[in-house]
Amino acid sequence: MSTWIDIAALDSVPKRGARLIKTALGCVAVFRTGTDEVFALDNACPHKNGPLAEGIVHDKAVTCPLHNWVISLETGMVQGEDTGQVATYPARVVDGRITLDAAFLKQREVA
Amino acid sequence: METVMEAPTRTFIEVSEVWVPEGDRLVLGSGSYGTLDSFAAASGKESFTKGEGLPGKAWAEGRPVVLKEFDGSYFKRTEAAKEVGLTSAVAIPVFDGKRLKAVLVTLCADDSERMGAIEVWSEKEGLLTLDEGYFGAAKHFEFVSQHTQFPKGQGLPGGVWSAKTPILMRDLGSGYRFVRAESAEKAGLTTGIGLPVPMPGGGHFVVTLLSAKGTPLANRFEIWDARSAKVGTKNEAVLIDGICKRDGALWSDETERRVGAWKGLIGKVLGTGLPVLETGPSPVTANYTSAVALPMYAHGEVSHIVAWYS
Amino acid sequence: MKNAVIIGAGMASGRVLEHLIEADPEAFNFTLFNSEPRGNYNRIMLSPVLSGEKSYAEIVTHDDGWYGQNKVTCRFGEAVTSIDREAKVVRGANGDVPYDKLIIATGSAPFIIPVPGHDLPGVIAYRDLDDTNAMIDAADAPGKPAVVIGGGLLGLEAAAGLALRGMSVTVIHLNGHLMERQLDPAAGYLLQKDLENRGIKVHCNGATKAILGTDRVEGVELDDGTVYDASLVVMAVGIRPEATVAKNAGLEVNRGILVNAQMETSDPDILAVGECVEFDGQLFGLVAPLYDQAKVLAKILLEEEGSFVPKELSTKLKVTGCDLFSAGDFAEGEGREDIVFRDPARGVYRRLVIEDDQLVGAVMYGDTADSNWFFGLIRDKTEIADMRDTLIFGPAFQGGAPSDPLSAVAALPREAEICGCNGICKGQIEDAIAAGATDLTAIKATTKASASCGTCTGLVEQVLAVTLGDDFVIPAAQSICACTDMTHEDVRRMIKSQELKSMEAVWQECGWKTSCGCHVCRPALNYYLLADWPLEYTDDAQSRFINERKHANIQKDGTFSVVPRMWGGITTPDELRAIADAAEKFAVPTVKVTGGQRIDLLGVKGEDLPAIWKDLNDAGMVSGHAYSKGLRTVKTCVGTDHCRFGTQDSTGLGIKLEKTLWGSWTPHKLKLAVSGCPRNCAEATCKDIGVICVDSGYQISIGGAAGMDVRETELLCQVATEAETIDVIKAVTQSYRENAKYLDRIYKWVGKVGMDWVKEQIEDLDNRAALVERFEISQSVYRKDPWAEHVTKAETYQPIADLTLEAAE
């Protein structure tokens, strides 16, 4: 049974942008796409830990600001020639509010 | 079968004819002359080169032309027309890009009773102004229209101009609170249909047909959409709007009326790509005495068909 | 016979009546209450009545004759005051009516935003015939101003209708694009363009602050300060279920009246249908599900089996000449793929959303021919794996017709300007081709197109290709990125010649293959748009690389560096003290003097940025733009003030230049220097623009670099006065801004267009003045401190939520 945690209003994250959630185990980045989908990923590029929340969001991907690695927001997989994966967490919008599955606090403990 | 028809009044438009290019001349494709046999006979013998007579002028200039005075003009059939009381004419060319498909000519008889209007609007400095028009006895409305301008998107001409599609309007007089509308109400003008007429070199004219209750220009109007963007790649058309004195509203927001090429009046236009005239009461003319169906071209295809029945 | 009472004569209850009477005309005695003084009419056709394209008589579904014939007692213009469930009686203003079965169909009420002035005369909602007639009455003189608040389905239909009635209409919409619930931004752009073409002004991202006026509405004021005149304001921001009567009767009501799949409320003798109901958490605003509900409700009343199941919905807009279609779900959800097709020549955009080999959503604009087919695929959850590759082309195109990359150029009108330098239009090039000029050299020779700066070469080649077909082979050119086949130069010319003023416009008109670009093209487009349309285009922070978005340089550990501006390298003890204080307060690990004569604070945490900027702002300092593709610094030597060799006031000129140029965005970074004498202590000859002062005036040279490439500047011109120096530098900067490819430094740009061409631009005094004027127009927007602006939205630099104390379980 999953528990959804209310995070913030959808509008507090800019379209094609991201904001951070601080947790005891590091930061999770919440992304909002051009079509108002939301995704939650660890805020660290598998390459050199670049802050993904600061990257450019296009379609359902983000480009890391440090070395332009492109990461799928849906799967966390690195796109193109490079390889690697970022942890992703279930996120959804309910009545204009972003909510995250509380599992993201637990899973991060294991990781 | 409906047998009781209203006593035939003379309609606003007396004669309609379609002139089609054959080599370097325009020849008569078809005509609807009512009882005016002598004029029909005179027309059958006629043909026009580019620039010659009214149809030739519409061809050469690539634009609709209104002629309100035959005497001393370039009109070639003046004698035959005068004999039967025809005094004015409007020619609408149909171009597919730069290629002339046909010229539709309508002729009207002047008298002091028949209200109605055929207007040609053209763009000047971003506004539509009346280029020419034939108004019958609606003299005040003619004067007002000559002094009216329409920006893009406003009124029937402005709406047609910006939407690039024919538009059919109801209650011309009652709905609009403008001077032109007041005057339209006084003249009894109720229904108006506007058509975009593209010029071969780019640019648009807008032609409007305004019908009055007492002396209707037509008793039934239809607009069909034939763009592949609407109906797909089959050569078909969908009825998007229409109104009929007998059948009421012809549109439906639930069921779609669609015809294919060569089926009925509209199908014939789809098949030939040319304006089509039909005469005599029949299912094709919706049991009216005559029907005119005029195609419009855009992006190399018939985009819309406008039909009127009287 | 049983008594059935119906409250509300809307589209749903009209259908209920029809079904019941058709099935068994003897089953019920009907009483129909309606607060409107009329019976059932086709409410969704009110828009064409407003526009004059339909008459009210045409949209009446049931007239007096019908009610009489079917023994329906009409209580029109009479509100129901209450329902007595014990006595099973409906109480109306003119008397009670007993019921065996009661049907509530009270529909919805428009939502009125409670801003000051919302109750002024002339502010109306758009729900019924009375509203429609009030709007028609308001259009009593040509060009009267009307404002429609809400750019959704209803608001836009109202706007188009009012425009046809001759009003001058402005639509104010809260979201960034029109009809955001049904359309994505690309389709919203096309719709906006269509409406603007009808003379309707569209103001997106507009929040209404107040409705102005004393006795009557006179205008609308927005949060951003914009004021629009209005003699009529139409509020079309949304609807909510009208459930008051039901609630007062003690029925279960949430957002709407709660019903089960049999349309029964919490009282089994009371049923509800239409926009007033809530079923399974859903509300209903479109007509298709209302008709489904009506069918079920009639069956239940006739004691047959029936169950309401919500289906996928599709949307069409009733504005003549606007063809759009939207169905299914194209927003939220994971694991989805997009297929996008654009045909700029016809203004067509299609987007399909696929999930698990099924079509789940579709947006179409300009070409809705196959909309029913796509809707069928969505509704029936058809497996589309086999036709996936050609799906976007519709049922007739199974087999495939690839989009033509040349279609954008083919779509240009003959009067579209291709060569900006020589004012050559597409038509002139076509004519030259027709006259026998069949390659680039011949076009250059006969028309001068692409013979000057050459940035339009790609477009000229494409005009050749479109006109000559297979006879012409375009030399391979590098496209911006995988999102497009066009080069930087092509896109820039399109932005100028077609007056493309938004990102969506560029994507559509240039046939972008992705729905919203990528990290390569977006920053470039953002730059081109703001450089070419400084007043019309709003800088898009989300299309900027992080340094420019956050106005600080990101470091490899994710911290930032902060560099305050020191005009011409001059500082004061107060400024130095403030920098020192800030460095201590925010525990800045490294403080370094830069090569551009200022001080860099390295290792500042992202969330501290607004606070440190505020401290520096308070001491009178502004951003040094050490992070931007824009003016960085103007390095100076001490000049005549102190130096025995100095020939002019180089420091003073440097400060003036920096104060003139700061804040401007350029294709790449822009560094200047002013040396007071040919000894060149400020190293002006390896800057992008360098000034060497000599006894007789100022030598201006451009195109230096000291990065991976090291280049010496080339002389542009020598001028006599300081003022002329500043003008020349503004002009050459503007020419670089307008013509260079994004991420080309000046030396690369000069290498492409040639020094002679740049000199011509500057030597022609009229042209120079025009460049200076355009530069100043742009600077009227951008000559400001971004730090001060960002300090006011400091909260966006903080985490959106802090869950560090949240237990993991």
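Any Cβ shown, glycine's included, is placed from N, Cα and C.
TrEMBL labels come from automatic prediction, so no person has curated them.
As recorded in TrEMBL, the features of this protein are as follows:
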type    : residues                               : note
BINDING : C:Cys637, C:Cys643, C:Cys677, C:Cys681 : [4Fe-4S] cluster binding site
BINDING : C:Cys681                               : siroheme binding site
DOMAIN  : C:3-277                                : domain 'FAD/NAD(P)-binding'
DOMAIN  : C:314-382                              : domain 'NADH-rubredoxin oxidoreductase C-terminal'
DOMAIN  : C:418-465                              : domain 'BFD-like [2Fe-2S]-binding'
DOMAIN  : C:480-529                              : domain 'BFD-like [2Fe-2S]-binding'
DOMAIN  : C:554-618                              : domain 'Nitrite/Sulfite reductase ferredoxin-like'
DOMAIN  : C:629-764                              : domain 'Nitrite/sulphite reductase 4Fe-4S'
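Feature map: annotations from TrEMBL on the structure.
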residue	record	Cβ neighbours (10 Å)
C:Cys637	[4Fe-4S] cluster binding site	24
C:Cys643	[4Fe-4S] cluster binding site	16
C:Cys677	[4Fe-4S] cluster binding site	21
C:Cys681	[4Fe-4S] cluster binding site	18
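Spatially, the domain 'BFD-like [2Fe-2S]-binding' (C:418-465) is adjacent to the domain 'BFD-like [2Fe-2S]-binding' (C:480-529); three or more Cβ-Cβ distances between them are under 8 Å for residues at least 6 apart in sequence. Listed in sequence order, the residues C:Val638, C:Gly639, C:Phe645, C:Gly646, C:Ser650, C:Ser675, C:Gly676, C:Arg679, C:Asn680, C:Ala682 complete the 8 Å Cβ shell around the [4Fe-4S] cluster site centroid, once C:Cys637, C:Cys643, C:Cys677, C:Cys681 themselves are left out.
Residue counts for the domain 'NADH-rubredoxin oxidoreductase C-terminal' (C:314-382) by DSSP state, with H, G and I taken as helix and E and B as strand, are 9 helix, 31 strand, 29 coil.
Looking just at the domain 'NADH-rubredoxin oxidoreductase C-terminal' (C:314-382), the mean pLDDT is 85. Per-class residue totals from DSSP over the domain 'Nitrite/Sulfite reductase ferredoxin-like' (C:554-618), listed helix then strand then coil: 29 helix, 15 strand, 21 coil. Helix, strand and coil counts under DSSP for the domain 'BFD-like [2Fe-2S]-binding' (C:480-529) come to 26 helix, 0 strand, 24 coil.
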